[in-house]
Amino acid sequence: MSKRPVALIILDGFALREETYGNAVAQANKPNFDRYWNEYPHATLKACGEAVGLPEGQMGNSEVGHLNIGAGRIVYQSLTRVNIAIREGEFDRNETFLAAMNHVKQHGTSLHLFGLLSDGGVHSHIHHLYALLRLAAKEGVKRVYIHGFLDGRDVGPQTAPQYIKELQEKIKEYGVGEIATLSGRYYSMDRDKRWERVEKAYRAMVYGEGPTYRDPLECIEDSYKNGIYDEFVLPSVIVREDGSPVATIQDNDAIIFYNFRPDRAIQISNTFTNEDFREFDRGPKHPKNLFFVCLTHFSETVKGYVAFKPTNLDNTIGEVLSQHGLRQLRIAETEKYPHVTFFMSGGREEKFPGEDRILINSPKVATYDLKPEMSAYEVTEALLKEIAADKYDAIILNYANPDMVGHSGMLEPTIKAVEAVDECLGKVVDAILEKGGIAIITADHGNADEVLTPEGKPQTAHTTNPVPVIVTKHGIELRKDGILGDLAPTMLDLLGLPQPKEMTGKTLIVK
């Protein structure tokens, strides 16, 4: 029996904007996309900011886009989850934070807050530190010490003074907190097993060892004089008038590590939490009975308490298709294969029953502007065979070109990339229509729509422009206010399947 597949076709990095200058999507000759756009119900979707679980105004990316598409709901990223918790008052009721504060009140000990001291939003956000200071003041914790990791990478290389001054203002405002140590992230946030770096940060915090300064700003000035900028500032100790450290981490203290991204938080956390730690000698004063809090789940190896536990994504599109006994195919070239598999399945590696995957190798070139078609033709050829074989009820396909070539910031190759994808799109959609199937043509975020700045310089980053959605079915109407999280419910609707309660997105088809 002939299958009538519903195919979700993701044109990676393909968004829409009216301005045609520097816009490879608008300038490309794409007769197939234009034909489907004119002939079938279409709309645009928001693919950035809070619509995909990021802070407002922040551009989307492929990982976040595919997570939202597959989950059929807004998947809040860690930064946004914490921001919302602060905004709605949940942060102050967080049981893990309150337990850490009760621990130090019961033992008459100190609370240490450490993390990256910037608003870069990649590993941490300084506003989360301020929220912790405010909470400590509210909870009556008297001894609160800050161990600031200096950034200079996700923000400018000499921005530490502005963050330190801002922090000092907040300390005055809340009446709690003192800066105890400062360390460039090169030391305290190493992830490459350079344990000699981590040891320097550890010994500053626990033993008060390292260069000493009366004033945190003096530490930065001194480093700058020696040509050492924020990221590389040596772990340094702030001292009182008598030369003793403002604070060291001791037995029965509590630590709240307010970074939310795990990769650069794991080593320093292991140093404090692992009883069988062997990477360097922690010495006789290694603190015992520490109450160690990670803002998010860092790793199974970190023996600490987690303030914001991971959210499990149940009933993603793949799981629902599988539960209903449908056959599904995921297909992409190497660059976007993890996105149509792992991210589309909510961070799950294993296939669901009835799920097949086809990986087509991306071309071995230094940069994709040298081969703008990438492996789109090979992906298409493989998929056409599968459509002809009548095996699948649902297909999820990604074309990587507009994004990967768009990252070059070169207009001509990106136009060629869009044109190659359009040629392939025509073949795939026509094959699906011949089988009586339906295609949902969309994208995960923008990129190729803006590859030059207004001044004509390369613009290599993603954009915040809306992405298209076309459903190749006559006689329906699409909502105009959709988000990526509405695509899975739409797919289920077209397949005649019920939408699980976990999917809080809504079908784009107007009822």
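Cβ atoms here come from the backbone N, Cα and C positions, even for glycine.
Keep in mind that this is a model prediction, so the values were computed, not measured.
Copied over from Swiss-Prot:
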ACT_SITE  Ser62  active site, phosphoserine intermediate
BINDING   Asp12, Ser62, Asp444, His445  Mn(2+) 2 binding site
BINDING   His123, Arg153, Asp154, Arg185, Arg191, Arg261, Pro262, Asp263, Arg264, Lys336  substrate binding site
BINDING   Asp403, His407, His462  Mn(2+) 1 binding site
MOD_RES   Tyr36  phosphotyrosine
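Shown here: features listed in Swiss-Prot, placed on the structure.
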residue : record                                  : DSSP class
Asp12   : Mn(2+) 2 binding site                   : coil
Tyr36   : phosphotyrosine                         : helix
Ser62   : active site, phosphoserine intermediate : helix
Asp154  : substrate binding site                  : coil
Pro262  : substrate binding site                  : coil
His407  : Mn(2+) 1 binding site                   : coil
Asp444  : Mn(2+) 2 binding site                   : coil
His462  : Mn(2+) 1 binding site                   : coil
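The Mn(2+) 2 site is defined by Asp12, Ser62, Asp444, His445, and by the 8 Å test on Cβ atoms against their centroid, the other residues of the chain that qualify are Ile10, Gly13, Ala47, Gly60, Asn61, Gly65, His66, Lys336, His339, Asp403, Ala443, Asn447, His462. Other residues of the chain with a Cβ within 8 Å of the Cβ centroid of Asp403, His407, His462, the Mn(2+) 1 site, are Asp12, Gly13, Asn61, Ser62, Pro402, Met404, Gly406, His445, Asn447, Ala448, Thr460, Ala461. Least crowded of the binding-site residues (Arg191, His407), judged by neighbouring Cβ atoms within 10 Å of its own Cβ: Arg191.
Note: the CA-CA distance between Tyr36 (phosphotyrosine) and His445 (Mn(2+) 2 binding site) rounds to 20 Å. Annotation for the binding-site residues Asp12, Asp154, Asp403, Asp444: lowest Cβ count within 10 Å of the residue's own Cβ, Asp154.
When the CA atoms are compared, the binding-site residues lying within 10 A of His462 (Mn(2+) 1 binding site) are His445, out of the candidates His123, Asp154, Arg191, Pro262, Arg264, His445. Nearest neighbour of His445 (Mn(2+) 2 binding site) by Cα distance, taken over the binding-site residues Asp154, Arg191, Pro262, Asp403, His407: Asp403. A Cα-Cα distance of 22 Å separates the residue listed as 'active site, phosphoserine intermediate' from Arg264 (substrate binding site). Considering only the binding-site residues Asp12, Asp403, His407, Asp444, the residue whose Cα is spatially closest to the Cα of Asp154 (substrate binding site) is His407.
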